[in-house]
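As recorded in TrEMBL:
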TRANSMEM  51-69  transmembrane segment
DOMAIN    59-456  domain 'Cation/H+ exchanger transmembrane'
TRANSMEM  81-99  transmembrane segment
TRANSMEM  111-129  transmembrane segment
TRANSMEM  141-163  transmembrane segment
TRANSMEM  175-198  transmembrane segment
TRANSMEM  205-228  transmembrane segment
TRANSMEM  248-269  transmembrane segment
TRANSMEM  334-353  transmembrane segment
TRANSMEM  365-392  transmembrane segment
TRANSMEM  404-426  transmembrane segment
TRANSMEM  432-458  transmembrane segment
REGION    609-647  region 'Disordered'
COMPBIAS  636-647  compositional bias 'Polar residues'
C-alpha cells in the first residue's frame with residue numbers, strides 16, 4: 001500500500017514538472033491556430049511576488065532568529081536583542097554577497113525606513129507613554145533634547161573640523177559638511193533606547209528622561225539636518241543672512257508644526273470613534289490609520305513626523321479608551337506591540353545587511369575621533385545640564401543616574417537613514433557612512449551589552465513590576481488636590497494648578513465633544529475602572545481557588561461600608577459627631593494594612609499619577625483669599641476643626 005502511494009506521489013510530481021517545463025515545440029504543434037501555449041497545471045512566476053515574498057521572508061527569518069536567542073537564557077542576558085539581530089544580518093549579508101545576489105535586495109533604503117518601519121515603533125512609544133511621568137519631567141526632557149543636542153552637534157562638529165584642518169583625514173571635510181554629519185550623529189536614537197532600556201528595567205524617572213529626550217530631539221535633528229543640507233547644496237560662499245534667519249525660524253515651525261498636526265489628527269480619530277457604536281469592528285482601523293496619516297502629513301510638509309505621531313498617540317489614548325470596548329483595547333495593544341516589535345527586528349537586521357551592501361571608505365582617524373567625541377561630549381553635556389537642573393528639581397539626578405544617562409546615549413537606525421540620504425555632492429559621504437555605522441555598532445554592541453551589568457553593579461533603582469493598589473490611587477489623588485489647593489491659597493500657579501486647570505477644561509469641554517455620552521460619566525473615573533479591574537481579577541482568582549471569597553477587596557469594602565453606615569447612624573441618632581469621626585465611612589487601612597513603599601516614595605517626591613477623578617467643585621470654589629477670610633470670620637457658619645479630637 002505504501003509503495004502505491006509513493007508511486008502515485010512520484011507520478012503527480014512528474015506530471016506537474018512536465019506541465020511547467022514542457023517542451024514549447026510540442027505545445028506549438030498541438031496548438032493549432034492558437035498562440036502555441038497550452039494550459040499548465042502550475043507555473044513559477046517569481047517576479048510577481050518578489051517584493052512581498054522577500055519582505056515576508058526577512059520578517060520570518062528575523063523572528064525565528066529572535067526566538068532562538070531567547071532559548072538560552074544565559075546567552076540572552078549577555079547580548080541585547082539589537083546586537084544579536086545586527087550580527088545575524090551581518091552574517092546573512094556576507095552569505096548573499098558571496099552568492100552574488102543583487103545588493104538592492106538586502107539593503108535598507110532610507111525611504112522604506114522612514115515611511116514604513118519607523119512609524120509603528122514611534123506610535124507604540126507615544127500611545128503607551130506614561131503621560132504623568134512624561135509631563136512631570138517635560139522641562140528636563142526639553143533641556144536634554146534641545147540644549148543637549150545642540151551642544152553635541154556643535155562640540156563634535158567643531159572638534160572634527162578643527163582636526164580636519166591639519167590634513168589628518170584622507171578626504172576634505174568643510175565645516176558645513178561636518179556639521180551636517182554631526183547633526184545626525186549627535187542625537188539619541190529612540191529605537192535603540194527602547195530596545196536596550198526596556199530590557200534593563202530602570203526606574204521610571206530615569207527611563208523617561210532618556211527616552212523622552214530621544215523622541216523630542218527628533219525635531220532638533222530634522223531642523224539641523226535640513227538646514228545644513230540646504231546650506232551644503234547652496235554653498236558656503238553663496239549664503240546670505242536671510243538664510244540663517246530662515247533656519248532659526250524653521251526650528252520652531254518644524255517642532256510646533258509637528259505637534260499641532262499630531263493633535264489635529266488625534267482630535268479627528270477621537271471624534272470618529274465616538275460614532276462607531278454600530279460598526280465597532282472599524283475602531284482599530286481608525287486607531288492605526290489616522291496616526292499614520294498624521295506621520296505622513298508631517299512628512300509631506302517637512303515637519304517633525306516623529307513629534308506628530310508621538311503627540312497624536314499621547315493625546316488620543318485617554319479618549320479612545322472611553323469610546324471603544326475592552327476587547328478592542330486589548331486587540332489594539334497586542335497588534336501595536338506586534339507591529340513595533342517586527343519593525344525593530346527588521347531594522348536592526350537590515351543594519352547588519354547594509355554594512356555589507358554599502359560602499360565604504362575607511363579612515364581610522366575620522367572614525368576613531370568620531371566615536372571618542374560622541375562619548376566624551378555626551379558625558380560632559382549630561383553632567384553640566386544635570387548640575388543646573390538639580391538646582392530646580394525636587395528629585396535630583398544622582399551621580400549614578402548621570403552616568404547611566406550619559407552611557408545610554410545610543411545611536412541607531414535614524415542616524416543611518418539620514419546619513420545615507422545625504423547629497424552625493426559631499427566628497428566625504430562614504431567616509432561618514434562608515435563612521436556612522438561604527439558609532440552605531442559601538443553604542444549598540446559595547447554600551448548595550450555592558451549596560452545591564454553596570455546597572456546591576458551600581459545598584460540603580462529598578463522599575464517596580466507591580467500595579468498600584470486602590471489605596472495608592474486614592475491617596476495620590478488626595479495629595480494632588482491638596483497641593484493644588486495650597487497653590488490656590490498661596491496665589492502660586494504651579495504645575496499642580498496647570499494640571500488641575502487642564503482637567504477642568506478637559507471634563508467641561510473636550511470630553512463632551514470627543515467621548516460618547518454613555519462613557520462620559522463620573523462613574524467612569526480611573527479609580528472606578530481600577531476597582532472594576534481588581535474585582536474582575538479577584539473573581540477569577542476566587543473561581544480558580546487562589547483566594548477565599550471573604551478576603552476579596554469587594555467583600556472587605558461591603559463589610560466596612562455596612563459597619564461604617566451603622567456607626568454613622570448611631571452617631572447621628574445620639575448626636576455624637578465624634579463617634580462618626582472615630583468610625584470613618586471608609587478606612588483604606590483595613591484594605592491594605594501594610595504601607596506601600598511606592599506610595600511613601602511618591603509622596604516624598606511628588607511624582608504621582610493624575611487620574612480622571614474630579615471634584616464636583618473647583619478647589620475652594622474658585623474664591624479669592626478675601627472671600628475665604630470673610631467666610632472664616634462669619635459667626636453664623638459652624639466652625640470646622642482640622643485637628644483630630646482627643647480619644
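Even glycines carry a Cβ here, placed using N, Cα and C.
Remember, it's a predicted structure, so these values are computed and weren't measured experimentally.
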Count the CB pairs under 8 A between the transmembrane segment (334-353) and each of 51-69, 81-99, 111-129, 175-198, 404-426, then give me the winner. 81-99
Closest-packing stretch to the transmembrane segment (141-163), where packing means Cβ pairs under 8 Å, from 81-99, 175-198, 205-228, 248-269, 404-426: 205-228
Six or more residues out from either end of the transmembrane segment (432-458), which same-chain residues have a Cβ under 8 Å from its Cβ atoms? 77-80, 82-83, 86, 181, 184-185, 192, 195-196, 199-200, 202, 348, 351, 354-355, 358-363, 366-367, 370-371, 374, 400, 403-404, 407-413, 415-416, 419-420, 422, 426
Using a Cβ cut-off of under 8 Å, list the residues of the same chain at least 6 residues beyond the transmembrane segment (111-129) that approach it. 190-191, 194, 211, 215, 288, 291-292, 295-296, 299, 305-306, 309-314, 316-317, 333, 336-337, 339-340, 342-344, 346-347, 350, 413-414, 417
What else in the chain is close to the transmembrane segment (81-99), if you only count residues 6 or more beyond its ends and a Cβ gap under 8 Å? 61-62, 65-66, 69, 105-106, 192, 195-196, 199, 344-345, 348-357, 412, 441, 444-445, 448-449
Listed stretches 205-228, 365-392, 404-426 vs the transmembrane segment (175-198), most Cβ pairs under 8 Å: range 404-426
